[in-house]
Amino acid sequence: MKFVLLFGVLLVTLFSYSSAEMLDDFDQADEDELLSLIEKEEARKDCIPKHHECTSNKHGCCRGHLFKYKCQCTTVVTHSGEETERCFCGTPPHHKAAELVVGFGKKIFG
């Protein structure tokens, strides 16, 4: 019985401490969120969207839902027989799998 009482007091103390910390974090998070939204809007204007050409700027792809798109390159043979490299911003297969698992987890656990 003493153990249950001690455990209950410890649990209540931890809960009250974490809720006070969360309130402080929310205040700071509001300010940080506003600044990050402004920065993201500026960065979004300069980034390359999904499925667009990124041959000249391989590190300029935009962010997806969870991950930043990667510049994926392939070698293309032109009508004249020359091989050229063409690149586009896309989601790598392992990122697609991770997004699928996260999406499935969100549906299950809400």
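Including glycine, each Cβ sits where the backbone N, Cα and C put it.
Taken from Swiss-Prot, the feature disulfide bond applies to C47-C62, C54-C71, C61-C89, C73-C87, supported by similarity to another entry. The signal peptide annotation in Swiss-Prot covers 1-20 and rests on sequence analysis.
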Set of same-chain residues at least 6 away whose C-beta sits under 8 angstroms from C61 (disulfide bond): C47, I48, K50, C54, K68, Y69, K70, C71, C89
Among C54, C62, C87, the most crowded of the disulfide-bonded residues [Cβ within 10 Å]: C54
Which of C47, C71, C73, C89, the listed disulfide-bonded residues, has fewest other Cβ atoms within 10 Å: C73
